[in-house]
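Chemist: Not my notes, these are from TrEMBL:
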| type | residues | note |
| --- | --- | --- |
| TRANSMEM | 43-65 | transmembrane segment |
| TRANSMEM | 77-95 | transmembrane segment |
| TRANSMEM | 107-126 | transmembrane segment |
| TRANSMEM | 133-153 | transmembrane segment |
| TRANSMEM | 189-206 | transmembrane segment |
| TRANSMEM | 218-236 | transmembrane segment |
| TRANSMEM | 242-259 | transmembrane segment |
| TRANSMEM | 266-286 | transmembrane segment |
| TRANSMEM | 375-394 | transmembrane segment |
| TRANSMEM | 406-425 | transmembrane segment |
| TRANSMEM | 431-448 | transmembrane segment |
Amino acid sequence: MFRNKIVLEEKFRLNVERLLYALVFTMVFEGLIRKLLPSAVGLLIFFLKDIFCITGLYFITKAFAKPNVQRNPFFNLRKIFFFVFLPPLIVTNFYDPSLVLFALKQYLLYMILALLVPLAFVPSKIERFKKFFFFFSLTIIPTTLVAVLQNSLPANHWLNQSVDGQSLEAFSAGGLLRVSSTFSFTGQYSWFLNVVCVILAVSFCLPIKRDNIIIKKIAPLLPLVISVCLAVGAFITGGRTAVLGCGLVLFLGFVFAVIKAPQKIITRGLILMAVMGLSLTALRIAKPEFFKVYDLRSEDKKDETHTEEVEGRILKDMFGWTVWIAEQDMIPFLFGNGLGVMSNGAERISSYAMSVRLQGISTESEIDSTAWEGGMYLVLIWFGMRIWVIIRCIGLWRQARETNNIIALSFLLGYITVIGLYGALSRQPPIAIWWWLSIGCFVALYNYDKNIQNIKV
């Protein structure tokens, strides 16, 4: 009886683990798959990540019904947030009932990933967890190869067109196309690079066992190959989100690591920065075409420096909404104009969202969208929740004791902090999925570190 129970639990965890692998694979290769398949099938692929998350919700409901399951620090978050989320949801129902489920998906569904990852990778299965990071980090290689191929192809080639077969030349810079790699559009590629740079750092801290001949042969070369692929991928997109995002996330992760483990990270960090600097210099000399689009976009503004432009955009994103929200009527001011309206795809399911788009109403930043969709109430609870998650993660990070785990947690915390404060979590499902997935990885790694401490005691 007891043995059967263990077998069933192991099978359950394997199913959750397979679901996570399938989710990451779909997220990374969705755009390429949709370009290869008919549009009707491509639409199913588009919703596949949501289907995986709904399946994950079933797994969570089943797992947390058991009394002996390891509790997750974010277990009650989805329940609490659902209840405080009700007022703008009720207001949305008056605008268009069809938006209610869409809004729940955009704001609440992806939270389950913070619970799903620790469920699959319990402390006793750390080697499987390391393999998950290893698999995730390897995705940078095919995505970079596709991006390099796109860079060498004409704009009218099918690989350089949208998933609907339309030209993307409108998004070019200086006549040069911005590549999207295996993703549906350039932004998704940039967001992937932001998270994968952290996954690379974690996989370096927690290397997998070299238990087969292939891994033994390729393992010594992988850090260099992957680092070069990351550098090429970040600049070849031509987007500041990729370059500045990766830089900021890694820098903040490095700062967190220095605070907790200065004796080990400083030397490693300086060596890594020197290697990356030399690699970038060598790449610029050998393959200047990889950097051309980024350089052209950085030179677009003739009357201000690149730094001034970026600072201006950040300040506008953070405070631009305060200019127009005070002009709203009382109900829109407090509870907004309908959740999910500003998200991609809302106009396909809602006539109200379509009418808003036809009026030319649009928002740029995350806080703009939040204020327009849910008013001041949603701004307070949505960003309050994100700040609470960051603070909670910092509290867990402070409790870590094993050096390699501390460094890995530090880089994950850097990503969680940057994206939590600035990422478009409500409008862009890929960003939300990567963010909540990284939180789940953070909790799973924290559980492993805590388990080591308990064994030592």
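Cβ atoms are placed via backbone N, Cα and C, with glycine included.
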Chemist: Assess whether the transmembrane segment (77-95) lies in contact with the transmembrane segment (107-126), where contact requires at least three Cβ pairs under 8 Å among residues 6 or more apart in sequence.
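Modeler: In this chain the transmembrane segment (77-95) contacts the transmembrane segment (107-126) - 3 or more Cβ pairs sit under 8 Å.
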Chemist: Determine whether the transmembrane segment (133-153) and the transmembrane segment (43-65) share at least three Cβ pairs under 8 Å, counting only pairs 6 or more apart in sequence.
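Modeler: In this chain the transmembrane segment (133-153) does not contact the transmembrane segment (43-65) - fewer than 3 Cβ pairs sit under 8 Å.
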Chemist: Examine the transmembrane segment (242-259) against the transmembrane segment (406-425) and state whether at least 3 Cβ pairs sit under 8 A, considering only residue pairs 6 or more apart.
Modeler: yes
Chemist: Go through the chain and flag residues at least 6 beyond the ends of the transmembrane segment (431-448) whose CB is under 8 A from any CB in it; none is fine as an answer.
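Modeler: Tertiary neighbours of the transmembrane segment (431-448) are 20, 23-24, 27, 49, 53, 70, 72-74, 106, 110-118, 120-123, 126, 129, 133, 191-192, 194-195, 198, 202, 206, 389, 393, 396-397, 399-400, 405, 408-409, 412-413, 415-416, 419-420, 423-425.
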